[in-house]
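Peer 1: One structure is given below, represented as structure tokens, and several questions about it will come after.
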């Protein structure tokens, strides 16, 4: 196994200075700027942020393995909300890349998994339709933006328990009207809704609307998505799996993330970046999910290891993530190279031959088992792929 150095991405939404776990990882190799955002720590072979072995030659992981890894492994420290977004499936990614290679720079899909390291807030998937119905009946601003007639038709379909395909079609019409409303009307509705939520200070969504408005002032249409998507707070160790076309947005907290190696993101709100609202509206999965249904439970495979394998519930085979805990134990050998990051703990591996501490990252070669002994309970994550 080989020590590895990852790459920091200082995106504006990242946590500032030493409050960021990403900054703590970066501090192993450079001083931390107390004024700079530290958003993501990349581990892998992505061309925008390759990892390197900590050897005399500073060999890249790609050069050492003589191949690209099919996944990108990350730590995220999120201070302000990321965009309302979704990722295309493989077939759609090829079309988008051909049509607009500037904004969709490759032809790969981009499924993602996030495992919370702290309390982690996010939006994920469309809510149960009854909840959406209650919101559009309650708030006049949603009726204005979505269209009063559309709201009435959707509410009636939910009340009468119409076929799911009918309800989905009406929801698509609602969300399309909302997201494609004129900027003037959106801004007016945001201002009016802020007056409403000021009287609902004990309501989590009202507080969230006000907070997101401070982060994205000026009438961002993405603010109203909180009434359509599940608002979730993951506890440390809980995970979500983001398959193709599932709408989502990370809001606040720190997490481990693993994704297929791609840059294809279709955005529509809470961002100054390129928005492709028509594409997003057309591609989204409008299936309703409960908060519990959005969560992705890991499977205990040994005393020390919980494994998050997307193949349990999907066809995603680009990555698998293991969570490793305990004071002593063994990390199983696999038939592919893997990357491992130590989040908490210090000690030794391989009968004392390798020392580790918080922020250590290792490339573990294929068919290599690793034993560890920690001075305190270790928390580590390992990513690999069967591809």
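The backbone N, Cα and C atoms fix where each Cβ goes, and this holds for glycine too.
From a predicted model like this one, the values you see are computed outputs, not experimental measurements.
In case it's useful when we look at the structure, here is the feature table from TrEMBL:
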| type | residues | note |
| --- | --- | --- |
| DOMAIN | 4-128 | domain 'Phosphomannose isomerase type I catalytic' |
| BINDING | 85, 87, 112, 248 | Zn(2+) binding site |
| DOMAIN | 146-228 | domain 'Phosphomannose isomerase type I helical insertion' |
| ACT_SITE | 267 | active site |
Peer 1: Provide, as an integer number of angstrom, the distance between the C-alpha atoms of residue 87 (Zn(2+) binding site) and residue 267 (active site).
Peer 2: 9
Peer 1: How many Å lie between the Cα of residue 85 (Zn(2+) binding site) and the Cα of the residue listed as 'active site'?
Peer 2: 4
Peer 1: Cα-Cα separation of residue 248 (Zn(2+) binding site) and the residue listed as 'active site', in Å?
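Peer 2: Distance between the two Cα atoms comes out at 10 Å.
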Peer 1: With the Zn(2+) site defined by 85, 87, 112, 248, which remaining residues of that chain have Cβ atoms positioned within 8 Å of the Cβ centroid?
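Peer 2: Filtered neighbour residues, in order: 86, 110, 242, 246, 247, 265.
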Peer 1: Between the Cα atoms of residue 112 (Zn(2+) binding site) and the residue listed as 'active site', what distance do you get, rounded to the nearest Å?
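Peer 2: Between the alpha carbons of residue 112 (Zn(2+) binding site) and the residue listed as 'active site' there are 15 Å.
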Peer 1: According to DSSP, how is the domain 'Phosphomannose isomerase type I catalytic' (4-128) divided among helix, strand and coil residues?
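Peer 2: Residue counts in helix, strand and coil order: 24 helix, 40 strand, 61 coil.
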Peer 1: So if I measure Cβ to Cβ from the residue listed as 'active site' and keep only same-chain residues at least 6 apart in sequence, which ones fall under 8 Å?
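Peer 2: Same-chain residues close to the residue listed as 'active site' (Cβ under 8 Å, separated by 6 or more) are 83, 84, 85, 273, 274, 275, 276, 280.
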